[in-house]
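Before any comments, here is the structure.
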Amino acid sequence: MSVLTEALVLEALKTVNDPELHKDLVSLGMVEKIVVEGTRVAVKINLTTPACPLKEQIEGDVRSAIGKIGATEIEVHFGAQVRAPQNLPLPGIKHIVAIASGKGGVGKSTVAANLAIALAQEGARVGLLDADIYGPSQAQMFGTQGEKLRVDEQKRMVPLERYGIKLISIANIVPPGQAMVWRGPILHGTIKQFLQEVAWGDLDYLIIDLPPGTGDVQLSLSQLTRLSGGVIVTTPQDVARIDAERALDMFKRVQVNILGVIENMSYFEQNGHKTHIFGQGGGRQMAEQYKTAFLGEIPIALSVREGGDSGVPVIVGAPQSPEAEAFRQAARNLAGQLSVQSYLLLPMA
Ligand SMILES: Nc1ncnc2c1ncn2[C@@H]1O[C@H](COP(=O)(O)OP(=O)(O)OP(=O)(O)O)[C@@H](O)[C@H]1O
């Protein structure tokens, strides 16, 4: 076998495809560094998101490709840079993702909070905007009730910081209940302020918790900025699915890309046995029908409800639990979808 060189390792890496983007790591510009010392090789691969769902597979493929050319010791290091579209939706913000549901109570806010924190735990810079003007729940989920937002010297609202993410909720601006009377133009103005007059800083992902249904906030958002996409949260019951399909149609009407479906309260798990309380497979079928990704199913669990009520979401309070793992998996799948869709649909920076 010939002497190992950086050029040979690079050639070998040309045979490794990103499993989601179906292109090799070298053409994708993901190989940041190669160091060769005799038969020892160290490589650094820059992923398209720190929450990459296929990191282990990529590592295995890289090891096998470099092993084939004679390396005896292989180190694979990962970095990540979230790819941004050429025109950012807002200065400093790479992706805006709206979390929607057709009806209330399916756990949209719970999912949004846990997803946002999961992405931050993986190393991404994340903001969460509670745009559920009529029934904001993020202040309770994050235990920030009673805290008031500060304004900086440029008169921009400064998000609260909790569990590694930046958080803006109407609940930290006006007393509870007061927003209920807001109508069209004021609502539009508020959403605009939330997007444009907040010191968000640099973010990989801004997650937006939408109000349930298909109303004014959704419309305002699509008029005010370019979303990378929307995620639909549903439960397995038929009726929730029919509502969810309406939310899906709404995204289509305002030309927002659909990133996928998350099914919440999918099953109850006890002693390793799963009971599908509300039926099985609805969310997955819906994703198939709409030709979008099924991002994951979240079990119904006391810890999820308690975490939301106590201001310590389950992903923080019980990170090793199966339900936290389910949120983490859904967050990785979402990040993966964003990488794929950015790559396929948008001109890259
Ligand atoms: N997987 C789950 N397991 C147990 N409880 C859950 C789960 N998901 C959500 N819940 C609970 O269900 C209730 C409703 O959740 P949440 O407020 O997130 O719903 P929502 O769809 O955002 O509702 P709305 O839009 O009406 O505010 C909360 O008490 C929450 O803790």
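Cβ coordinates are placed from backbone N, Cα and C, and glycine is handled just like the others.
Per TrEMBL, the feature domain 'MIP18 family-like' maps to 8-75. Look at TrEMBL and you will find Gly102, Lys103, Gly104, Gly105, Val106, Gly107, Lys108, Ser109 tagged as ATP binding site.
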For Lys103 (ATP binding site): intrachain residues, at least 6 apart, with Cβ closer than 8 Å: Pro212, Gly213, Val239, Ala240, Asp243, Ala244
Surrounding the recorded ATP site, with Cβ no more than 8 Å from the Cβ centroid of Gly102, Lys103, Gly104, Gly105, Val106, Gly107, Lys108, Ser109 and those residues left out, we find Ser101, Pro212, Val233, Ala240
When you measure from the Cβ of Gly104 (ATP binding site), which residues in the chain that are at least 6 apart have a Cβ under 8 Å away? Gly135, Pro212, Gly213
Result for ligand 1 contact check over binding-site residues Lys103, Gly105, Val106, Gly107, Lys108 with Cβ cutoff under 6 A is Gly105, Val106, Gly107, Lys108
Same chain only, sequence gap of 6 or more: which residues have a CB within under 8 Å of the CB of Gly107 (ATP binding site)? Val233, Thr235, Asn264, Met265, Ile298, Val304
Take the domain 'MIP18 family-like' (8-75) and average the pLDDT across it for me. 94
Check Ser109 (ATP binding site) against DSSP and tell me helix, strand or coil, would you? helix
Long-range Cβ environment of Gly102 (ATP binding site), under 8 Å and at least 6 residues apart: Pro212, Gly213, Thr214, Ile232, Thr234, Ala240, Ile242, Asp243, Ala244, Glu245, Arg246, Ala247
Filtered by Cβ under 8 Å and at least 6 apart in sequence, the residues in the chain of Gly105 (ATP binding site) near it are Pro212
When secondary structure is assigned with DSSP, how many helix, strand and coil residues does the domain 'MIP18 family-like' (8-75) contain? 20 helix, 22 strand, 26 coil
